[in-house]
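Residues or ranges marked as domain 'Major facilitator superfamily (MFS) profile' in TrEMBL: 30-549. TrEMBL lists 30-55, 67-86, 98-117, 123-145, 157-180, 186-207, 345-369, 456-482, 527-545 with the feature transmembrane segment.
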Amino acid sequence: MVEGGIAKADKTEFTECWRTTWKTPYIMRLALSAGIGGLLFGYDTGVISGALLFIREDFDEVDKKTWLQSTIVSMAVAGAIVGAAVGGWINDKFGRRMSILIADVLFLIGAIVMALAPAPWVIIIGRIFVGFGVGMASMTSPLYISEASPARIRGALVSTNGLLITGGQFFSYLINLAFVHTPGTWRWMLGVAGVPAIVQFMLMLSLPESPRWLYRKDRIAESRAILERIYPADEVEAEMEALKESVEAEKADEAIVGDSFSAKMKGAFGNPVVRRGLAAGITVQVAQQFVGINTVMYYSPSIVQFAGYASNKTAMALSLITSGLNALGSIVSMMFVDRYGRRKLMIISMFGIITCLIILATVFSQAAIHAPKIDAMESRTFAPNATCPAFVPLAAENAPPSRWNCMKCLRSKCGFCASGVQPYAPGACVVLSDDMKATCSSRGRTYFKDGCPSKFGFLAIVFLGLYIIVYAPGMGTVPWIVNSEIYPLRYRGLGGGIAAVSNWVSNLIVSESFLSLTHALGSSGTFLLFAGFSTIGLFFIWLLVPETKGLQFEEVEKLLEVGYRPSLLRRRNKKGKDVDTA
C-alpha cells in the first residue's frame with residue numbers, strides 16, 4: 001500500500017471526475033454548494049483592490065496615509081486569522097456544515113457594515129467581520145468537500161473550491177468595473193458580497209453534515225446514508241470499515257490523552273503523524289503567501305499603475321487579465337492534480353514563480369532607470385506655486401535636470417505631469433494634489449502619482465500574467481487540497497485550523513508590508529525579495545511534503561507513520577530498496 005514513504009497511486013484522468021459526478025450528481029451538488037464559501041473568500045479578498053482606489057478619492061485621509069490603505073486591505077486578513085483559529089474548534093465541535101452557516105452570517109454582516117460605512121474606521125470594522133468569515137470558509141469548504149468525495153476524484157473536487165476562489169476574484173473585478181460610474185461606487189462593490197452569502201446559507205440548510213464527522217460522533221446510520229449517496233453500493237462497506245478502523249484508533253488515543261482543547265493540542269503535537277502532517281501543511285500554506293500572490297490580487301490595480309497606467313478604469317480593466325488567468329489556472333489544476341500529483345504540481349509551479357518574479361524585478365528596475373526626465377523649466381513655470389517642494393532648491397541652484405527623473409519625483413511625494421505631445425518625453429515635477437491632477441488633465445496631459453510612463457509597462461502586464469499562469473494550477477489550489485487530506489480524522493479540524501492560521505498570518509505580514517516595501521525598496525526590490533522567499537519555500541516543499549494523490553485518508557495516516565524523505569535523502573539497502581524514511 002505504502003512503501004518507503006512514497007505513495008504509488010494510480011493515475012486518475014480528469015474525465016473520471018466528470019464520469020463519477022455525472023452518474024452521481026449529488027457529489028457535485030455538495031461540492032459546489034460548499035464551494036460558494038470559496039467564491040465569497042475570493043470576492044472579498046479581491047474586491048478591495050478596486051474599491052480602494054475609490055475609497056481613497058472619497059476620504060482624503062486614506063489617500064494621504066499609506067498605512068491606512070494597508071490597514072483597510074489587511075484587516076480582513078487579521079480577521080481571517082481569528083476565523084481560521086476559531087473555525088478549527090467549531091469544525092470539530094459542531095461540524096463542517098455549521099461552520100459554513102456561521103461563516104455566511106459573518107460575510108453578510110461585514111458586507112452590510114462596509115456598504116453603509118460613513119468613515120474609514122467603519123470600513124475597517126466591516127473588513128474584520130468579513131475576515132472572520134473568510135478564515136472559517138478558507139479551511140471549512142475544502143474540508144467539507146474532501147470528506148464528501150471519493151478518494152479517486154477528491155483532488156479534482158477540492159479544486160472546484162479553488163476554482164470558485166479565483167472565480168470570485170475575477171467576479172470582483174467585473175463588479176468593480178460595472179460600478180465605476182455608479183454613485184456610491186465602492187459601497188456597491190463591497191455590499192454585493194452579501195448576495196452569495198445568502199444563497200449559500202439557504203443551500204447548506206438542505207445539505208447534510210460531513211459523513212466522516214457524523215461517524216466520529218457515533219451517528220453511524222446517518223453517516224452510512226450519506227455514503228450510500230456518494231459511493232457505488234459495492235464500495236460503501238469498505239469505506240465504512242475504513243472509517244471504523246480510523247475512529248477506533250482515534251478513540252483509543254483520546255482515552256489516553258483526553259478530549260479538552262488543551263489536551264487535544266498536546267495530543268496533536270505529541271503525535272508524530274500529526275506533527276509530520278502539520279510540517280507539510282504549514283509549509284505549503286506559508287509558501288503560498290510568501291511568493292507574493294496576494295500582493296498581486298489585493299493591489300493588482302496599484303501594481304498596474306506602478307507599471308505606468310494612471311487611469312483607475314484602465315488599471316482595473318488590465319487587472320481582469322490577472323484574475324481571469326488565475327481562474328483559468330484553477331481549471332488546469334482540476335485536470336492534472338489527480339493525475340500528476342500534488343507534490344509535482346507545486347514544485348513545477350514554484351520554479352515558474354521564481355523565474356517570473358526575477359523577470360518582473362528586472363522589468364520594474366529598467367522602468368525606473370528609463371523613467372522620463374524632469375524638465376526643470378516646466379517644473380518651475382507649469383502653474384503658480386506648483387513646483388514640487390523637494391525640487392525647488394535644486395531648481396534654484398540650476399541643478400541639471402538629468403539628476404532627476406519621474407521616479408525620483410514620485411519618491412519625493414510629488415506628482416509627474418507628463419508631456420502632452422510625447423508620453424515618454426521630459427515632464428513637470430509638481431505638487432501632489434487633486435487640484436494639480438485636474439490642472440494637468442485640463443491641459444491634455446496625464447498626471448502620474450503611483451508609477452511613471454514607461455515603454456516597459458506592457459512587459460510588466462505580460463509577466464504578471466505569466467506569474468499567475470504558473471501559480472494558479474500548483475501553489476494556488478494544491479496547498480488547500482493537501483491540508484484537507486493530510487491530518488487524521490480526530491485532528492483534521494484542529495490541524496486544518498492551525499495551517500489556515502499560518503496561511504493568514506503570512507498573508508497579513510505580506511499584505512500589510514507590501515506598500516511600505518515598494519516605497520522602501522521600489523517595485524523591483526520587492527519582487528526580488530519575494531523571489532528569495534519563493535526559493536526558500538521550494539526547498540522546504542521538496543524536503544517535507546509527501547505525495548498523497550489517490551490515497552484513502554487511512555492510507556495517508558500510514559504514510560505519515562512511516563515518515564517522508566525525498567528520494568535523494570533516503571538510505572538504500574543492497575537490493576536498492578528504501579530502508580529509512582523516518
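First residue shown is number 1, and so on along the chain.
Even glycines carry a Cβ here, placed using N, Cα and C.
A quick note: this is a predicted structure, and the numbers were derived from the prediction, not measured.
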Counting Cβ pairs under 8 Å that sit 6 or more residues apart, are there three or more between the transmembrane segment (123-145) and the transmembrane segment (345-369)?
no
Listed stretch, out of 67-86, 186-207, 456-482, that has the most CB pairs under 8 angstroms to the transmembrane segment (157-180):
456-482
Do you know the mean pLDDT across the domain 'Major facilitator superfamily (MFS) profile' (30-549)?
83
Could you pull out which residues elsewhere in the chain have a CB under 8 Å from any CB of the transmembrane segment (456-482), counting only those six or more residues past its ends?
138, 142, 146, 154-155, 158-159, 161-163, 166, 280-281, 284-285, 287-288, 291, 293, 296, 300, 303-304, 306-309, 318, 321-322, 325-330, 332-334, 336-337, 342, 345-353, 355-357, 359-360, 363-364, 366-367, 370, 503, 545, 548
For the transmembrane segment (186-207), sequence-distant contacts whose Cβ falls under 8 Å of one of its Cβ atoms, 6 or more beyond its ends:
29-30, 33-34, 36-37, 39-40, 43-44, 47-48, 50-52, 54-55, 58, 97, 100-101, 104-105, 107-108, 110-112, 114-117, 123, 126, 130, 133, 168, 172, 175-176, 179
Restricting to the same chain and to residues at least six past its boundaries, which positions have a Cβ under 8 Å from a Cβ of the transmembrane segment (345-369)?
284, 287, 291-292, 306-308, 333, 336-337, 407, 451-452, 454, 456-457, 459-460, 463-464, 466-467, 469-471, 473-476, 478-479, 522-525, 527-528, 530-531, 534-535, 537-538, 541-542, 545
